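Undergrad: Got a structure here, written out as structure tokens. Questions coming.
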Amino acid sequence: MQDLIRRYGLGLTGLMCLIVAFWLLMLVIIPNITLFESSFRPYLPVTEIGGPRDTYSFDNYLKVFDGSIETTFLGIPITVPVHVMTFFLTIWYSVVVTVICFALAYPIAYYMAKIVNPRSLPTILLLLFVPLWVSEVLRAFAWWIILAFKGPLNSLLLFIGAIDKPVRWITDYDAVMIGLVYTYILFMLFPLYNAISSLDTNQIEAAEDLGAPWWKIHWRIVLPHAKPGVASGSVMVFMLSAGSLLVPSILGSTTSQWFTQTIQQWMNDALDWNTASAYAFLLLFLCTLFVSVVMWIFRVKLSDIAK
Amino acid sequence: MSAGIDLENVSCDFGTFRAVDHANVSIKPGEFFSFLGPSGCGKTTILRMVSGFIEPTQGVIRIGGKDMRGQRPNQRPTALIFQNLALFPLMSIWENIAFGLEVRGVDKATRRAKAEELLRLVDLPGAADKMVSQLSGGQKQRVAIARALAVEPQVMLLDEPLSALDLKLRQHMRAELRAIQKRTGVTFIYITHDQGEALAMSDRVGVMSHGRIQQIADPRDIYNNPVNGFVASFVGENNVFEGDLGAVSDGMATLSTPHGQFRARINAGVSGKGVKLYVRPEHTIISAAAPPENGVHGTVHEVSFEGAFIAVHAVSDSGMKMVAELRNDGSQVVPAIGDQVWMGFDAQRAAILPDADTKR
Amino acid sequence: MHKLRQNLAHLYMAAFLIYLLIPLAVMAGAAFNDSRLPSIVPWKGTTGRWFVELAADERMWVAFRNTILVALAVAVLAVIVGTAAAILINSISGRMRSVIYGLMISTILIPGAVIGISTLLMWNKLGVPPGLHLSVLGQVSYIAAMVMLLVLARLQSFDAALEEAALDLGASHAQVMRRILLPHLYPAIGAGAAVAFFQSIENFNVTQFTRGGADTLTVYVFSKVRAGITPTINALAVIMIGITIVAAILYEVRRRRIERLMARGAEE
């Protein structure tokens with residue numbers, strides 16, 4: 001702080017502190033505190049707010065356990081509350097999306113960092129950036145067109161004879177996953193690419209020279225070096241997927257439900273902002289917890305992620 | 001226009017570390033004054049206190065007799081030349097030079113004219129519209145000087161500005177800096193760890209160690225009459241004998257060492273056992289016969305030709321390594337490796353000195 | 001063997017690029033198909049009528065204007081906040097720094113729905129009704145962090161001695177900021193503004209919860225997709241992809257020119 005005043009004077013330093021304080025307090029901390037506080041209060045008509053029934057309780061959180069459905073887990077039939085089910089499926093499918101993104105993006109990242117001729121790299125980056133800049137809603141919409149029952153994918157597969165009757169793609173969570181992978185894979189690719197390109201190529205060549213097979217080079221040399229990139233990409237893809245509203249809404253089927261959709265129903269359909277707050281807080285809290293645990297297991301820090 | 005600088009009992013602490021400890025120095029207007037010392041000795045801290053980037057923990061700094069307390073860098077009549085020069089990379093050469101005038105609200109035509117004038121002064125005419133990245137190291141140096149001169153400072157502060165240059169250019173720039181200083185008459189305070197630079201350019205030198213100014217004197221005195229062992233060994237080479245002090249009289253003393261008994265000048269404040277005697281290699285005489293006093297017998301084990309002089313390395317019979325430098329003018333017989341020789345020195349040319357002044 | 005692997009790698013890269021670009025091509029193609037359903041099969045003839053219909057859609061134009069206004073506001077605010085935050089973070093250290101830095105970064109990871117709802121709730125309590133102004137504030141809350149990261153990266157290459165040199169030459173703090181620090185940061189600030197602008201255009205989650213009744217393009221497209229659509233959306237997509245490609249090419253051309261200039265500068 002002393003340093004800051006010396007460099008920029010009292011006035012400018014004060015102004016900058018004020019701006020940052022506005023951001024962190026008014027746009028981040030206080031809204032989240034408000035969210036947290038509202039989540040414990042009942043949804044009441046305007047006239048009763050502040051009245052005797054306006055007391056703190058866990059009621060909004062307990063709504064998660066309302067209404068159960070039958071399902072099977074590892075072949076064992078169990079009864080699970082609908083919203084709990086939705087939440088776990090959201091987390092589960094987000095993890096699957098993250099893993100798929102990693103599997104698809106890793107070879108590309110390695111290719112861009114170590115194999116491709118550096119002269120064509122700017123062109124590749126440019127081509128990659130085009131879909132990144134196209135709006136998420138349009139990208140989901142593009143897949144809605146492609147995956148339609150009478151759409152181009154089925155036409156193509158029928159034409160080349162891979163299938164003999166059209167496949168219903170937009171069913172269960174299938175299309176949602178296809179859409180999420182497509183939408184967020186670049187958030188995996190770029191951190192991976194950054195991490196791998198900072199690896200000294202001599203290390204790979206040294207390992208090759210010492211007779212390591214290609215998979216061992218990746219497992220022992222490249223991956224450990226790229227760990228912050230893997231963590232960064234995975235956290236981004238996971239959080240974006242779990243928090244996505246557009247893709248599940250556009251590519252979801254009658255049997256798919258994403259937790260954000262549930263929140264939106266409380267918010268915009270039931271107009272129960274308090275329960276929506278409770279659910280939103282649950283989403284934030286449990287996702288953060290999940291990410292923290294995974295990061296702890298892999299020994300990565302938050303500061304590694306923002307590189 | 002130039003001003004003198006006075007430091008009175010100036011100290012500076014960084015946490016528990018005392019970077020500068022009770023510095024007292026009075027620099028005259030128009031003087032070229034150097035602070036010389038190893039890195040971490042506090043010389044840069046002194047410079048930053050004079051320029052106003054650091055406030056002293058205690059003591060008073062006066063520039064032109066005026067107390068500088070509370071005066072920010074942009075209010076002081078000083079101009080600093082940074083170690084890395086800190087030229088603004090996004091501005092052209094003339095914009096760099098005229099920046100100080102620009103922030104003072106001087107109109108563009110005047111600024112341009114002043115920049116051209118200064119570029120002539122530093123011998124870089126025609127460089128006005130180039131960018132910083134197009135200049136060589138030496139040219140950047142001159143631009144930095146011109147930029148500092150543009151604000152007509154009373155004091156110029158130079159923080160090892162030559163350290164990034166190669167040897168040849170560095171020697172050339174020494175002369176150049178000295179000439180510019182004489183031409184402008186501005187007080188120069190120069191920071192360096194290079195004794196050659198300090199001795200060649202300065203009117204006076206302040207040698208520093210551990211935050212304390214060890215000695216302030218003109219370059220000749222610093223070299224010939226160092227006040228303590230630190231100054232003697234930082235400024236130049238020495239053969240050093242350690243031993244116990246014997247009789248002292250008339251500023252001369254005897255020292256008993258494992259290598260023999262020696263007589264030399266003695267400085268005040270030296271007493272007891274384990275004191276050191278310093279003698280320069282060029283004052284060490286090599287002869288075939290034993291000298292009347294201060295002689296050590298030994299064997300030559302290396303002779304290296306250094307151009308202007310020849311360094312003779314020998315090991316005394318008692319096992320001490322010594323160096324003698326002979327002028328390469330044919331006036332002296334150069335011994336060969338393996339020769340048995342006597343090495344000696346004139347008692348007036350050797351001194352028994354205290355260690356560095358590090359007291360708190 | 002090595003050669004084979006190399007070729008496989010090239011092939012995979014090509015396949016990946018096709019995978020990324022084909023959906024956009026399909027979507028663009030459907031804009032010119034004279035069919036009521038947005039698709040490229042069956043092809044019922046080439047037409048430009050979806051563009052005409054799009055241009056006649058009053059609601060689209062309102063949404064378009066809203067989107068641009070919101071994006072401009074977000075870009076301006078996020079650049080100011082992000083730059084101030086980067087300068088602040090860059091000159092503090094220790095525990096304080098990691099706490100504040102962590103808080104700033106975490107905003108990027110907060111799900112949009114949470115940001116949207118929390119923003120709406122707080123300002124609603126303060127008596128501010130929902131609307132696009134809240135969308136702006138909600139979007140700034142995380143986009144500012146992106147700008148901050150960009151500016152911070154640029155600040156790392158800044159030599160603080162330049163500030164001292166300027167101060168020493170008599171510049172005021174404001175002059176140091178305007179003439180020395182900000183010019184150095186301009187590339188990052190420009191990139192930050194572009195990122196903020198495009199992020200804002202893309203944003204759905206925060207906007208959806210805070211917008212009140214107002215439309216932005218993303219919300220408009222979303223509601224059209226859900227309500228059974230005509231290929232006017234594809235026409236809109238073609239225009240947006242077109243703008244993106246033109247912007248990307250302009251950026252690339254500029255970058256290459258700067259690179260050439262730098263290379264030439266280094267030779268002299």
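Yeah, the Cβs are placed from backbone N, Cα and C, and that goes for glycine too.
Note that TrEMBL annotation is computational and uncurated.
For C:64-251, the entry in TrEMBL reads domain 'ABC transmembrane type-1'. According to TrEMBL, the transmembrane segment annotation covers C:12-32, C:68-89, C:101-123, C:135-153, C:180-201, C:233-253.
Are these features on the surface or tucked inside, and what touches them?
TA: Beyond the ends of the transmembrane segment (C:68-89), by six or more residues, the same chain brings 97, 100-101, 104, 132, 135-136, 139-140, 143-152, 155, 181, 185, 189, 192-193, 196-201, 207, 216 to within a C-beta distance below 8 angstroms of the stretch.
Within the same chain, residues 85, 89, 130, 134, 137-138, 141-142, 144-146, 148-149, 203-210 sit at least 6 positions outside the transmembrane segment (C:101-123) and bring their C-beta atoms closer than 8 Å to a C-beta of that stretch.
Cβ atoms under 8 Å from those of the transmembrane segment (C:180-201) belong to residues 67, 70-72, 74-76, 78-79, 82-83, 87, 139, 143, 146-147, 150-151, 153-155, 158, 162-163, 166, 171, 216-218 of the same chain, restricted to positions at least 6 beyond its ends.
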Undergrad: Which residues, given as numbers and ranges, are at least 6 beyond the ends of the transmembrane segment (C:233-253) yet have a Cβ under 8 Å from it?
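TA: 24, 27-28, 30-31, 38, 50-51, 53-54, 60, 217, 221, 224-225.
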